[in-house]
Amino acid sequence: MFGAIIKKIVGSKNERELKRMWPVVEKINGLESQVAGLTDDQLREKTFEFKERIARGESLESLLPEAFAVCREGGKRALGMRHFDVQLIGGMVLHQGKIAEMKTGEGKTLVATLPAYLNALTGRGVHVVTVNDYLARRDSEWMGRLYRFLGLTVGVIVHGIDDDERRAAYAADITYGTNNEFGFDYLRDNMKFALEDYVQRPFFFSIVDEVDSILIDEARTPLIISGPTEDSTDKYYIIDRIIPHLKKGEVKEVEANTLSGKRKVYTGDFTVDEKARSSSLTEEGVAKVEKLLKIDNLYDPRHMEILHHVNQALRAHALFRRDVDYVVKDGEVIIVDEFTGRLMPGRRWSDGLHQAIEAKEGVEIENENQTLATITFQNYFRMYEKLSGMTGTADTEAEEFHKIYKLEVTVIPTNRPLLRPDFPDVIYKTEREKFNAVIEEIKGCHEKGQPTLVGTISIEKSEVLAEILRKQGIPHNVLNAKQHEREAEIVAQAGRKGMVTIATNMAGRGTDILLGGNPEGLAKQWRRANPDAPEEEYEKVLAEYRTLCAREHDEVVALGGLHIIGTERHESRRIDNQLRGRSGRQGDPGSSRFYLSLEDDLLRIFGSERVSKIMDFLKIEEGEAITHGMITKAIENAQKKVEAHNFEIRKHLIEYDDVMNKQREVIYTQRREILAGQDIRRHFTQMMDDTIEEISSFAIEKVSAHEWDWQSIGEGILKTYGFQIDIPPQTMDRLSPESFRTLLKEKVHEAFDAKVAAFGDELMDHLIKVIMLQTIDAQWKDHLLSIDHLKEGIGLRGYGQKDPKQEYKKEAYQLFMDMMARIAAETVEKIFWVQIAHEEDVERMEEEQQKQARKKMVFNLVDEDETSEPSKSKKLAGRNEPCPCGSGKKYKKCCGK
């Protein structure tokens, strides 16, 4: 209560933040008339003046009012758009390295230009991150007009461009691109063999558009570059054939003489836990599998891999549904994004799950891949000196943004008041009743001409609805999110009179729905259908569409604006809010309502018992609906439960990945130092000394030298350095571990000096560089596999009363130290044994090494829950197209040689 009184007096934290920024807005507004009086050239000259002032030590904060005023004026002249006062506040929040929550239609794309312009003046590069290539290209071209007008350069990173184009884009003052492209470029750079081949600059400032989607929804999604393993795929078909013989059971609680008075009994051959998305064999199931596969003990260490694949096959059959979790298209299993409903070709579940689903569907099974390089989005974006983001829905996840990314969320007020009423949820007992009600609602809106956007959570549900509408003769558009550009066009016209659009929840995000339609979009469609029409005819058509859309706009406003119908609640409240946010932009009228049933996944798995009891208590008959605050509260509690569970998963992932991140930093730093030629000889000398220490460990203190393990010492010296060491008996009597170490060190350094004299300093340094990189890359790849295996089994340590996280840290560190020792031993051994006839031999060796590395590369996005290594593309590149290996070279000059 005391806290509420204080809050009433001084305002909430968000209100205090906004209050602090209004004086700066007044200052910017005070400069507007002065800046408006400048010519275009004088305005552009301001950019160079700001850069000089920064070079002389002036801070960005002191420049902010002037820079924002110049950017605002540039927007008016280059784009015909003026930044509102609330957009100036949004720009300040982003510049401070925070998240700006701005409602749909408030102009987030334009807001980003303010901090991007200001920070680009440092010359250190600003990255603007979007969710897909279409938006990256669109925003770089659209906002690029403003930046170029003010004298800055703009680049865009999209799939399919080569390294030279990427390098040029990153060298620009402001670079647009997707989170995937930025992340993969980082991994690719750290697999290259020359610093001049790197495309990225050191990370400075990043503005992440749709920050909740990228930093939260995709946080469990590591980026992976992988290569195929050699394992046979027959095992997946064999195991898949036994699954139909297993009977699904359930868990029952029976009376028992235990502390709780109950005991769990498992029936059938396997049980399924939908909440945890897991399945497991019962004792009867284990016995049946052993009989079907003709093995004695499924839990024998030799058969653990079989047990793992049986469990994955069970999950494939019991938990993963066709046209919901994935689709089968052209003989391939393609994952459906649970948040957007988009197909994700190329993405694969990992750990044998994707192969199990391929076996279930009877399509060709692709080999599992082995990780060559990986990073999570969480760790990638935390490398930026300053990180900020914007979205329409961040406040519900404010705690996670703060705990994981140290990012504060500031809610920016809307430019005009929000007029959209969000009607209470309507709940039915069955899905059939719910769909009947949804169809009636759509029909009513369509008949009076009110545009309707219907949100579904899966492709399957959108197709069911579309089929019913088709049978009833109601014209509609269906968005299954297969093509971003087409998707944006359909969404842009969803506000036309009488339009019915069915879309998976997040499809078309980033595109405003204009009431009455978008005349430019309609004219663009006409231009595509009539490419040879003269320009004056196009202008005439555009003018007609503008008149039509203006008339329809007024009619749609009178009808109540865009009506949103949600057909199911998502696990996250934020996704529901995003759907609602498609309506009521910039003070437009609109409305929203969700239709639910007890058969919906969220209610069935997490909350149906309580809701069902309420409905029974209220004696709800079939066909009747209920609208009640208690029900809405129960649904919100179910959503909060799921959100908390998902937050724990993401937190758990980052705690484990932080261990890996430190190791990645060590390896990548060492690689960069080697590529830069920094202290290569010192690195190698340290490696030699490490191997000397290893061999000298056989010389034991307080034991006569005659009793040392001379066989192991001799084998170690011969294997590592290629020579033998003879010690006379009289010297042996006086030998101590320390004097032996000194003697061995002298001999090894003498042999190395002789090698340098024979090869020459320059060739030797080049050789060390090539062999070090080759060895580091090979050992790092194997280390990543070892870490994957460690992660898979570490949870079992909990049964031994040990903390799995601490055990993981300890063992991962030991694996890392073992890898570093192997890198040293292997590098030294190769240098001492290598024979070079000509300098060209080293160059050939380097070329072959690079070619092999490129051939192995497959670029993957992986969902960490089941997660994935996407498959190699089946499409062959043309000889002059960029090589699909990602090298940045043309195919004919790379893998097509």
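Going from the start of the chain as shown, residues are counted 1 onward.
Just so it is clear, glycine is given a Cβ too, placed from its N, Cα and C backbone atoms.
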Residue from Gln87, Gln472, Gln493 that Swiss-Prot also lists as binding ATP with Gly105, Glu106, Gly107, Lys108, Thr109, Asp512: Gln87
Binding-site residues compared (Gln87, Thr109) - the one with the fewest other Cβ atoms within 10 Å: Thr109
DSSP state at Gly107 (ATP binding site), helix/strand/coil: coil
Maximum Cα-Cα separation (Å), residues Gln87, Gly105, Glu106, Gly107, Lys108, Thr109, Asp512 listed as binding ATP: 17
Fewest other Cβ within 10 angstroms of its own Cβ, chosen from the binding-site residues Glu106, Asp512: Asp512
Residues flanking the ATP site, with Cβ no more than 8 Å from the Cβ centroid of Gln87, Gly105, Glu106, Gly107, Lys108, Thr109, Asp512 and excluding those residues themselves: Met102, Thr104, Leu110, Val111
